[in-house]
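Read through the structure below, which is laid out as structure tokens, and then see the notes.
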Amino acid sequence: MRDLQLTQVAGTRRSPPAMVYTDDVMEDVRLLDSCESRDDHNDDSHAIVIGEDGFKRIQVRVTGMTCAACSNSVESALKSVHGVFRASVALLQNKADVVFDPALVKLLGMHSSLRFLAPTFLCMDTLRKFDFESLGPPFPVLSGVWGMMISRMQLRMQVLKQRFYLNPGILKTNPDGTLLGQFTIGGMTCAACVNSVEGILRSLPGVKRAVVALATSLGEVEYDPIVISKDDIVNAIEDAGFDASLVQSNQQDKILLGVAGIFSEKDVQLLEGILVMLDGVRQFHYNQLSSELEVLFDPEVVGSRSLVDGVERGSNGKFKLHAINPYSRMTSKDVEEISVMFRLFISSLFLSIPIFFMRVICPHIPLLYSLLLWRCGPFLMGDWLKWALVSVVQFVIGKRFYVAAGRALRNGSTNMDVLVALGTSASYFYSVCALLYGAVTGFWPPTYFETSSMLITFVLLGKYLECLAKGKTSDAIKKLVQLAPATALLVVKDKGGKCIAEREIDSLLIQPGDILKVLPGTKVPADGVVVWGSSHVNESMVTGESAPVLKEGSSPVVGGTINLHGALHIQATKVGSDAVLSQIISLVETAQMSKAPIQKFADYVASIFVPTVVGLALVTLFSWYISGISGAYPKEWLPENGNYFVFSLMFSISVMVIACPCALGLATPTAVMVATGVGANHGVLIKGGDALERAQKIKYVILDKTGTLTQGQATVTDAKVFTGMGRGEFLRWVASAEASSEHPLAKAIVEYARHFHFFDETPATNDGQTPSKGSTISGWLLDVSDFLAHPGSGVKCFIDGKRILIGNRKLMTESGIAIPDQVENFVVELEESAKTGVLVAFDDNIVGILGIADPLKREASVVIEGLMKMGVKPVMVTGDNWRTARAVAKEVGIQDVRAEVMPAGKADVVHSFQKDGSIVAMVGDGINDSPALAAADVGMAIGAGTDIAIEAADYVLMRNSLEDVITAIDLSRKTFARIRLNYVFAMAYNVIAIPIAAGMFFPSLGIMLPPWVAGACMALSSVSVVCSSLLLRRYRKPRLTTILEITVE
């Protein structure tokens, strides 16, 4: 009866499940969560029935009972509750029928449902009697409501401390109900291991997507928490023989805390007791080994800082808590892995040096050599020493190779560890057999103990260097994480809003709405807006903009940037995963996790590589052996006291250990990791390896005009009136009409009119918006009624009874207003000057025209010419009229223009260029251009600033500079040139090295690679590929003055 479970019977309304526990996993005890009193029930079995005598009846489903003893035990436990009138348990129906006095047995409301306390306590108490010793001492049976509440608290504290369980009903999930978890996976050595782990994860029920990265030793899994838990995923990976642990997930209601001040079991119980009594705490788990506390909480009830404060206050300052960044845990794991690999290498080297010394040096030192030749039992002293030392290297230090090879074979795959295990084992066991053969027959064949030990030593050296190099590839994320300050100054205010104190807090505990003080020279701790003060902020580390930006009242600030001069008070708006810095890190991390299509080649080769190499090794063995015994080569080639089998075996072992699948597996992911990190440092965020691969093949770049080619800051350059109305009055009427519009051109008109009238205050509140119709602002705008905006055309309204129309030709034509030739000629003149003409009509007559220009970016023409030099054809697409579009295109040097295109039509333009299979990139601001960004092969959102969560784009260009388009394409080309070089090296290495190791050149040139030399070559091959990828860190983006020197390779 270990897995007894209480649930509501069919027919009652279901609500989210309660916390779920078992004796070991605590997942199978579900209490009656939503029991509602009803006046009328068609079926007694439904929920609670109130009888005439005031008693209530409830039916509960009980699962986990296996025999009559179980049902009797549950029944006795229920009857022992003070206030229960009758209880009967049916074993076959798995039901319990309970009649109780509601005055004595209370119901506690929770989450708009009712929870029955007595069965909660008593059923768990019953479970304790049935082999539930881990729950601790028996709970005291206390009568009354307070007694049951205390018992419930003790019970909850006992079961919570066993294990933290993720309840799917209270997780923050993706819109489709799935969770995204990131797991560290240890023990992967090559692409074959990656394929094996991915296959295992994808076969699990409830897993929607799984991606594993060899270079980062991380796996990203999207799963349905209702079907499978994170622990099931970890167990599946560990069952396959790999190490695994959860790093982080996209939960917004979970926090990881380090706890100081716990020295005994009583301290642990005190901590658990405090957490149980805190409102909003749902589940928690304290790890005594790491002193880490994982808490799942309700963010609507309690905040992360309130939770920490509550624990510290409840312990009277005994406990000190600090938030732990999951990325710092990953870094510590990397350091730990490097440290472990270094210790293994040093240990192996320490034991291998004496073996090498005895083989090479000692024969030249008579005294030492005579000691080694001293017979001790059946063997020489030297043989005993070699055997002992090599056995430690082979089976203690080299145990990891056997373990990894075993799990690979168990999963139906092969990897580098299989080759190392086979090669070293062949050398070791042959040497052991040679010793035994010599002891029996008196003929002593040569032994090759040093081959095994030296081979393992060199492989471990290669792994250590590889770990160091792989750690360098993730430097970009480490640098981004370090941008965030560790602490922040919280401004404490009283109810009246007056500052009464300042308090230093952990920056990970900042909550939205907090007022934070930023001192000169310190980093901004969170995204927010300035509420007090003025200063310049260096945003180069986030946006790439080198010039400091002025920040004053209502200015947005980004966490991680540096405040240069004055002090600021900011109000936090975005924290945690919503912050800009966190999103940048997430984008870079996602890119490094993704696989470029070219990686499929390496995955395929890895799947057949090891079996092929083993086959070649066997062919080598039998070819040399058969050739030897048939007299195809002379006996003089054999080593001293050797035979044909030993001679052939050495060639075979060399073939097995010189072949390296690791180099192939690391060729792409390491280059992609370095490239995405380099791109982030230059303000170019790449969302994945597939986008990086497509970008190097771009043939067409489609650029939006407004905000992409132009600065996106419209200004009025011309104002012409065709009637006798004064210019100031004309602008006043136009500004009054446009003040209610959100369009950038409308804001430009209002700003121009304000300056014309020399008014200092802005003509509207809330960033230029008129609060309501009919109101006047600053006393200079007229009352407006019946305002109506026509997207893509203009606006209509009434002022003093006159109908006012402001817009383009289309608006005038649709409103039945004729455009005189004089007006048309002036509009044409404006459009040919790359300006937009805005017509103004009062009633049915056009009274004036406004000319609005959006200046081109200074680098636009140079970048366009640079793209053409790179073999990329630029295309401009805009919703503006043809004359203005052609004028802008002529100024920047674009030949292909598409004008008067609505936002939805831009995607059709993209499709038209894709018809012949060309790779098309779309560069836009990521707002109106999102359909085209999604339709393009490569979408680039330019000038995203702090709004980087643009799902449609593949590249996010943080700066508002066209130079980054060149950088994105240039970086992708250089990255894939490096990847191709890596593949050429990895393939060429194996193609050349395997024949040499097989002895193909031994008959003609006398070249023979001993197995330990072959092992050293194998170890260094993967290191060289990683180092080749690391050369991308030296990438320098093309400068504006050198862009024109770029040519198509």
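From the backbone N, Cα and C atoms, a Cβ is placed for every residue, glycine too.
According to TrEMBL, the protein carries these features:
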type: DOMAIN; residues: 56-119; note: domain 'HMA'
type: DOMAIN; residues: 179-245; note: domain 'HMA'
type: TRANSMEM; residues: 340-360; note: transmembrane segment
type: TRANSMEM; residues: 372-397; note: transmembrane segment
type: TRANSMEM; residues: 418-440; note: transmembrane segment
type: TRANSMEM; residues: 452-469; note: transmembrane segment
type: TRANSMEM; residues: 601-625; note: transmembrane segment
type: TRANSMEM; residues: 645-667; note: transmembrane segment
type: TRANSMEM; residues: 983-1006; note: transmembrane segment
type: TRANSMEM; residues: 1012-1032; note: transmembrane segment
Surrounding residues of the transmembrane segment (601-625) on its own chain - C-beta under 8 Å, 6+ positions past either end: 190-192, 194-195, 413-416, 418-419, 422, 644-645, 647-649, 651-653, 655-656, 659, 661, 664-665, 667-668, 983, 994, 998-999
Interface-richest range of 340-360, 372-397, 983-1006 toward the transmembrane segment (452-469), CB pairs under 8 Å: 340-360
Chain residues in Cβ proximity to the transmembrane segment (645-667) (below 8 Å; excluding those fewer than six residues from its ends, i.e. six or more beyond): 189-192, 194, 214-215, 415-416, 419-420, 422-424, 426-427, 430, 434, 445-446, 448, 451, 455, 459, 466, 470, 602, 605-606, 609-610, 613-614, 616-618, 620-625, 628, 637-639, 979, 982-983, 985-987, 989-990, 993-994, 996-999, 1008-1011, 1013-1015, 1017-1018, 1021-1022, 1024-1026, 1029
Overall pLDDT for the domain 'HMA' (56-119), taken as the rounded mean: 61
For the domain 'HMA' (179-245), the number of residues DSSP places in helix, strand and coil: 22 helix, 24 strand, 21 coil
For the transmembrane segment (983-1006), distant same-chain residues with Cβ under 8 A (at least six beyond the ends): 601-602, 613, 616, 620, 624, 633, 637, 651, 654-655, 658-660, 663-664, 667, 1014, 1017, 1021, 1024-1025, 1028
Non-local residues, at least 6 beyond the ends, that sit with Cβ under 8 Å of the transmembrane segment (340-360): 372, 382, 385-386, 389-390, 392-393, 397-398, 400, 449-450, 453-454, 456-457, 460-461, 463-464, 467
Remote residues contacting the transmembrane segment (418-440) - C-beta distance under 8 A, at least 6 residues beyond either end: 378-379, 383, 386-387, 390-391, 394, 398, 401-402, 405, 408-409, 446-449, 451-452, 455-456, 459, 610, 613-614, 617, 646, 649, 652-653, 656-657, 659, 1011, 1015
